[in-house]
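Participant: Take a look at this one; I'll ask things after.
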Amino acid sequence: MSEPKVRRWVGKYEVGRLIGECNFGKLRSAVDTETGDPVALMILDKDKVLKHKMAEQIKREISIMKLINHPNVVQLYEVLASKAKIYIVLEFISGGKLFDKIKNDGRMNEDEAQRYFQQLINAVDYCHSRGVYHRDLKPENLLLDAQENLKVAEFGLIALSQQAGGDGLRHTACGNPDYAAPEVLNDQGYDGAKADLWSCGVILFVLLAGYLPFEDSSLTTLYKKISSADFSCPPWLSSGVKNLIVRILDPNPMTRITIPEILEDVWFKKDYKPAVFEEKKEANLADVEAVFKDSEEGRVQLRSFPCVICSGGTTCGDVRSRTKLMNGLIERGRPQEAHSIFNTLIEEGHKPSLITYTTLVTALTRQKHFHSLLSLISKVEKNGLKPDTILFNAIINASSESGNLDQAMKIFEKMKESGCKPTASTFNTLIKGYGKIGKLEESSRLLDMMLRDEMLQPNDRTCNILVQAWCNQRKIEEAWNIVYKMQSYGVKPDVVTFNTLAKAYARIGSTCTAEDMIIPRMLHNKVKPNVRTCGTIVNGYCEEGKMEEALRFFYRMKELGVHPNLFVFNSLIKGFLNINDMDGVGEVVDLMEEFGVKPDVVTFSTLMNAWSSVGDMKRCEEIYTDMLEGGIDPDIHAFSILAKGYARAGEPEKAEQILNQMRKFGVRPNVVIYTQIISGWCSAGEMKKAMQVYKKMCGIVGLSPNLTTYETLIWGFGEAKQPWKAEELLKDMEGKNVVPTRKTMQLIADGWKSIGVSNSNDANTLGSSFSTSSKLNIPNNIASSRSPLFLKGMPEKPKLCIKSQFGLRQTLLVVLCRDQIGEAGRFCKFM
């Protein structure tokens, strides 16, 4: 057995995993072995610091942090040094960056943003009172502890008040321009306190809006916007916070609000709690110089050895606690971090337990890292552990998830050879795996093995897995045979079984069979239909265009004791839209209000798509506005509908503006939306702008174009009588690993034909000539027909005249598209 990797120590601190890196060193986690408390250890390379003449800045940073003792500022505990390294021991902050919280969760409500802003002002006010100015405040430099309290970090750019010029102003520009005050960018000297306050205002705006107040791809334009405070607050902010933001983001530092004035602001004072802490006495800064002295005094020694407890065959506390942490991270959707913790355990010389290995398998499965699963069993055995049933089941499940059933069966056989008895869960996993890849005969063989060889009783999960597998193959009769077979073993079908069968009937266009057969059998077996059962049947009728049947069953739901949910109403709306019956849509939305079901983004998107498809972007915009006023954030699908609609309506500039809207709501554009915008510009004959969008997508955004993107551009160049440019795109396609099809080549050929070239040799000659000659007068902006991307399946405009408007009442969508309908409407006959 190979020797475990050593554990490293700096003084009393046991060094852990790498957290981050910079030009001059690394940041690692560590543990104070005397107290057991976690710390962060900044390890700086002394030679690099001296070589780059950074010694004074490092001394200044240490001096500043020694001056500060505040609950909302990262604390410095101790500074140590060896001959080659400087060790700065800092408070360990476990909650991550405020920037990541905004990126992952989006904008905050005012109460949450207010709490963070109050803590930020507390910290900044304290630092300013000590003569310390940050000058680089931004969400990336604000950390959150385990209780989600804010901690200001990153003191590398701080300037002490003693370093001001003769005019009392600072003259060193630093920090992120997005958060920098106008006077900092203008480099005319500035007051550090007022500059920090501007940054606080930008941070408050970002917390509440989810995007920056000043944005532009051009740095010159961005500076102009910042210098003139050219921004607007989003409509959802209260007047109190709007007024405060405007007073903070005052471009004139002389009239800008001050911290004492902020502390008296009505919005700020709500639930305000001043920081409580013990004031630090004047720090002794004399020892800071000793950090760079080349003497043996005070140097720390590194020591290393494997974990004694683990080597003795007992699981140590570190392994137990970190395994628990791994489980927590996996549950929160962070398997990569769990995997990293496992690697750290190995690096530190610990011996993981079987539970730790099982947790690792779960993390690998979530990350879809399946290649090392088979070798994992050998590693467990080499560590002197015997794999148990739980570990085998986890590895079999991972192999099955990857689609590698051969590997799963090898592990299954190894499981039996090792003396571990397979469980019902083992067989269910294998049966499901073979069912997913369509090998149902193998699933049946495993069921027989389960019953015959292992004497195991199948359960309801076994039944549902097999029923689902046969239904996926559209072999409903075989699925029923499974139900009957399971009943003979005492396994009764449950609501999941019947829902699967109902969905299978609806999928083949036999929703009436689903209703006539499934519902009676459910009631006979004393299985209560749920909203999913009813939703499947309603949606099935809607998909088949049988709206009267859908409505009839909608009212039958009351008899079954099932309350309709949003899926049911969205299905009805979509069904009526598919047959161009806007009156039906209006009454369904009224029913939503009657049943107390609020619309969601799918509801709005469905209605937006209906109007967008017929070219009525005004109606589409009205619904979009209603959605925003109702407090519902649009998703990628809603934005895609807008972009596609504008492009199809010949308004590509509006389609491109959608990208700004998406950024405000924290929605990342995908290749589909960019392709729709490109298609709009191609249809307008604006190939230069189409290529600008294409380059932005590939370069700045980092998205990979797909075949549709390239074929849209090729079609556009063909319509613009520039087929040589279309042909040049083939090189881009090769570079992006996008394989052209017969259709791609036909589009290029059509482009050449449009300028009278049908021979490939002539095309090559002309292409070379066009790309090198400036004398040929070929217009770039030629009026063209719509792109093929938007001609597919365009519905005819509905004949019904819509007289009413879309609007909101009490945050519910109230669409009132009645056109000569009675008071009760057509639904009265079903009441």
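Backbone N, Cα and C define each Cβ position, glycine as well.
Grabbed the feature section from Swiss-Prot, which reads as follows:
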- 13-268: domain 'Protein kinase' (DOMAIN)
- 318-352: repeat 'PPR 1' (REPEAT)
- 353-387: repeat 'PPR 2' (REPEAT)
- 388-422: repeat 'PPR 3' (REPEAT)
- 423-457: repeat 'PPR 4' (REPEAT)
- 459-493: repeat 'PPR 5' (REPEAT)
- 494-529: repeat 'PPR 6' (REPEAT)
- 530-564: repeat 'PPR 7' (REPEAT)
- 565-599: repeat 'PPR 8' (REPEAT)
- 600-634: repeat 'PPR 9' (REPEAT)
- 635-669: repeat 'PPR 10' (REPEAT)
- 670-705: repeat 'PPR 11' (REPEAT)
- 706-740: repeat 'PPR 12' (REPEAT)
Participant: Give the residue counts of the repeat 'PPR 9' (600-634) per reduced DSSP state, in the order helix, strand, coil.
Facilitator: 26 helix, 0 strand, 9 coil
Participant: Let me spell it out: take the repeat 'PPR 3' (388-422), skip the flanking residues so only those 6+ beyond its ends count, and list any with a Cβ under 8 Å from a Cβ in it.
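Facilitator: Contacts with the repeat 'PPR 3' (388-422): 354, 357-358, 361-362, 364-365, 368, 370, 373-374, 376-377, 380, 429-430, 432-434, 436-437, 439, 442, 454, 456.
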Participant: Six or more residues beyond either end and a Cβ under 8 Å away: which residues meet both conditions relative to the repeat 'PPR 2' (353-387)?
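Facilitator: Sequence-distant neighbours of the repeat 'PPR 2' (353-387): 1, 313, 315, 319-320, 322-323, 326-327, 329-330, 333, 335-336, 338-339, 342, 345, 394-395, 397-399, 401-402, 404, 407, 410-411, 414-415, 418, 420.
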Participant: Same-chain Cβ contacts of the repeat 'PPR 10' (635-669) under 8 Å, 6 or more residues past its ends?
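Facilitator: Long-range Cβ neighbours of the repeat 'PPR 10' (635-669): 103, 106-107, 209-211, 215, 234, 601-602, 604-605, 608-609, 611-613, 615, 617, 620, 624, 627, 676-677, 679-681, 683-684, 686, 689, 693, 701, 703, 786-787, 790, 794.
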Participant: Cβ under 8 Å to the repeat 'PPR 6' (494-529), counting only same-chain residues 6 or more beyond its ends: which ones?
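Facilitator: For the repeat 'PPR 6' (494-529), the sequence-distant neighbours (Cβ-Cβ under 8 Å, at least 6 residues beyond its ends) are 460, 463-464, 467-468, 471, 474, 476, 479-480, 483, 536-537, 539-541, 543-544, 546, 549, 553, 560-562.
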Participant: Please count the residues of the repeat 'PPR 5' (459-493) that DSSP assigns to helix (H, G, I), strand (E, B) and coil.
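Facilitator: Going by DSSP assignments, the repeat 'PPR 5' (459-493) contains 26 helix, 0 strand, 9 coil.
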Participant: Pop the mean pLDDT for the repeat 'PPR 2' (353-387) in here, whole number is fine.
Facilitator: 85
Participant: Report the DSSP secondary-structure composition of the repeat 'PPR 3' (388-422) as helix, strand and coil residue counts.
Facilitator: 26 helix, 0 strand, 9 coil
